[in-house]
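This report concerns only the one structure given below.
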Amino acid sequence: MNDLKQSIQALTHSSTGKTSTINQKNAPKTRQLVVLRTQAAYKECLHHCKSLGIHPVKTIKTMNAILLHAHPHADMGPLKRNGLVRRVESDRKIKLHTVKKKARRLATGCASIDTPEIIPWGIARIQAPLVWKATQGSPIRVAILDTGIAKHPDLRVVRSFNTINKKPVIDRNGHGTHVAGTVAALRNSFGVVGVAPKAKLYAVQSFNSEGSAFTSDIIQGIDWCIRNRMQVINMSFGLTDFSPSLQQIIRKAHRQGIVMIASAGNSGKNSGTIDYPARFPETIAVAASTENNQIAVYSSRGAGIDVTAPGDEVCSTYLNNSYTKLSGTSMAAPHVTGTVALLLSRCPRLSPTAVKQRLQRTARKLNGFTRKSQGNGLINASRAVLLTK
């Protein structure tokens, strides 16, 4: 039997000698991302899967990647050592960066479609309204890589893509809808307004209704953003473990000129490190501040934080045409994403590195906090967009 075919077949069986396979009903299984070295090897691998009756969970053609279910006791060695295989890695779970607060008031407490429009405190704090006479973010394409974006009268979504399955994008969690509102809620007569109200929103759903995703879902989402020429990606989530495949797609997006904003994490004062993908230097890593200009107690500390943005008790769009307050570095990142949309609207030729440097150079230090807590400080949209060249 072909070595590659034999190695793939070994994934479905236990190396302990037991006869159970993942094809049996209710059999345990893990998810393994197999990345091939060439397009030819990728096609060969797919051919072997088909001949063996193995159905890939998903494929990412541009990365030569195939996601397969594997027996938890399978021998991965032969496949990892195969010369046609670049790597095999576990498909890790990823978490959203929101904080659950016992006293958090849900739904209609902070704004309404029946009351005059408000400017949330964070958007005022970064001085985004001072930019709106010059630009409101048009025509910058911003992808929200999240739980989806719900239908809402204060949001306009250009297009959607679901990495989990082929079903229409529907946000049943609320996290993605909230993030989207901070970035680009419409400037109208009701509800709230976003940092860049005329930026173009794209919903890339990689998290399910419970707020759970896998690394492969994120990779596929970023791949879609590259192929569909997104200019900015908001990533309000993270994981603690390094993923070489995630790093590979992040680097590719960066080379394509996409600005990626990532929340640092919610592990608090003693975390020591920030999460991936924020830890990758190709992203803009964001810490969270409170209304009294303190770094939030839950905001992760560590090397690699670039800037800080408002992230505590942020009022934004939510499910069922409502609004709510949420907290976390998840809520800080979209303030930066909206600011980047404003900046690129005025200076579309800026590289991702130049955008990061502009935000860092125009940020303001928060007193009493170290660089590992706040990076270069609290972003200032007005200074970043209007006062520098």
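Using the three backbone atoms N, Cα and C, a Cβ is placed for every residue, glycine included.
Database features (TrEMBL):
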type	residues	note
ACT_SITE	Asp146	active site, charge relay system
ACT_SITE	His175	active site, charge relay system
ACT_SITE	Ser330	active site, charge relay system
DOMAIN	139-377	domain 'Peptidase S8/S53'
REGION	1-26	region 'Disordered'
Inter-residue C-alpha distance, Asp146 (active site, charge relay system) and Ser330 (active site, charge relay system) (nearest angstrom): 10
Cα distance (Å, whole number) from Ser330 (active site, charge relay system) to His175 (active site, charge relay system): 9
Cβ neighbours of Ser330 (active site, charge relay system) where a neighbour is any other Cβ within 10 Å: 31
In three-state DSSP terms, the structure that His175 (active site, charge relay system) belongs to: helix
Entry from the active-site residues list Asp146, His175 having the most other CB atoms no farther than 10 A: Asp146
Mean of the pLDDT scores, which run from 0 to 100, over the domain 'Peptidase S8/S53' (139-377): 98
